[in-house]
Amino acid sequence: MVFYRGVSLLSKLRSRAVQQSNLSNSVRWLQVQTSSGLDLRSELQELIPEQQDRLKKLKSEHGKVQLGNITVDMVLGGMRGMTGLLWETSLLDPDEGIRFRGLSIPECQKVLPAAKPGGEPLPEGLLWLLLTGKVPSKEQVTSLSQELQSRATVPDHVYKTIDALPVTAHPMTQFATGVMALQVQSEFQKAYEKGIHKSKFWEPTYEDSMSLIAQVPLVAAYVYRRMYKNGASIPKDDSLDYGANFAHMLGFSSPDMHELMRLYVTIHSDHEGGNVSAHTGHLVASALSDPYLSFAAALNGLAGPLHGLANQEVLLWIKSVVEECGENISKEQLKDYVWKTLNSGKVVPGFGHGVLRKTDPRYTCQREFAMKHLPEDPLFQLVSKLYDVVPPILTELGKVKNPWPNVDAHSGVLLNYYGLTEARYYTVLFGVSRALGICSQLIWDRALGLPLERPKSVTMEWLENHCKKA
């Protein structure tokens, strides 16, 4: 194990406070990294017994405490608003948006290490935060980046499996197939077959999860180059960090595109446990399916139009506006087009959210990126007009609880600006990002010994009879 001697994170934060005077006010919750260890697995090994005791105490002292009432509306409405899942890595507040281990996106942008001063957070730093609940130092992030680079190899059979599919197959189909093909190297499956004790389940889960996180950018980049660049793959560059290397393998060398990919992966990594992909990954893993099987299942949920596929729908819809009305469309013309979309029985993609009740902070930070790097881009200006036009119309309809833009409303325009114009591929980027959050939680699922998920289902007849008695 490698160790280093240096100042604590608290000292570093104090020195940063000179440049960021509002940091102490904005960061409401922050665990100070006091350990000097560079090895993430060793950090986890120290944390796990404490969290296991914490869970046991919760069960023994508060196991019978009620968390709310279940209504028929909840049962029929996709379990919306029903508290029923433990997810440690992030928490979604309806008004504030996502918090990664207690830190908001703006707070993460301030305290997580970046590739350059004032730059976007490195995804490796967020991964450390998700797994440990602690803000890492730059040295720890560099060490983690090197670990991921050492794991970033993909067997030839994975590429051959993808090649067996038609090149016209949807990118998510090819990506999920590649992840399934990686499963043959699962350390968890091998350990389970050898009779590993359940107290050690987290260890091979960690190995699989870290390898999977390292491998998915290679698989995703292969799919992109196969579909859109005549199969001319680009080797990884171990001098680059996780986000920049992913952009590099896709074929983008612009430093701004590398910064965008760092931001993109970071903000798309996790969104608590109730969304389709995260819940699917947790559910499948609760049967002790290994991380490869669980994440592949999660990807198939992410590929749905009501979940991750929405980001491609946004750009396609925006381009349809431009094709019909031109780039310099007025707000009045835009209102007419929005009503035309709604009256045809369709939705305006990129607006609304199942939990959020205000503008998604993931949208906001992408808007800030656009204002900094591409303020004159016509599609960005159109997105800005949509922000003014769409919410009042959706509010007037009275059918949505949240008329504000979500993360999907902006990401496609940024990617398009830097040359990644293939909208059908966008959900794959989402999938690569989501590996960080899902795999982090899977490690904790096994470390905490969380059980098989098995909720109770009922029939309409049962509900009718129950309501009559009530």
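Each Cβ is built from the backbone N, Cα and C atoms, and glycine gets one as well.
These features come from TrEMBL:
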- His307: active site (ACT_SITE)
- His353: active site (ACT_SITE)
- Asp408: active site (ACT_SITE)
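Between His307 (active site) and Asp408 (active site), the C-alpha separation comes to 10 Å. Across the structure, His353 (active site) and Asp408 (active site) place their CA atoms 10 angstrom apart. When Cβ atoms from all protein chains are considered, those within 10 Å of His307 (active site) total 18, not counting its own. Close to Asp408 (active site) in the fold, though at least 6 residues off in sequence, lie Ala310, Asn311, Glu313, Val314, Pro349, Gly350, each with a CB less than 8 Å from its CB.
Around the Cβ of His353 (active site), the number of neighbouring Cβ atoms within 10 Å comes to 23.
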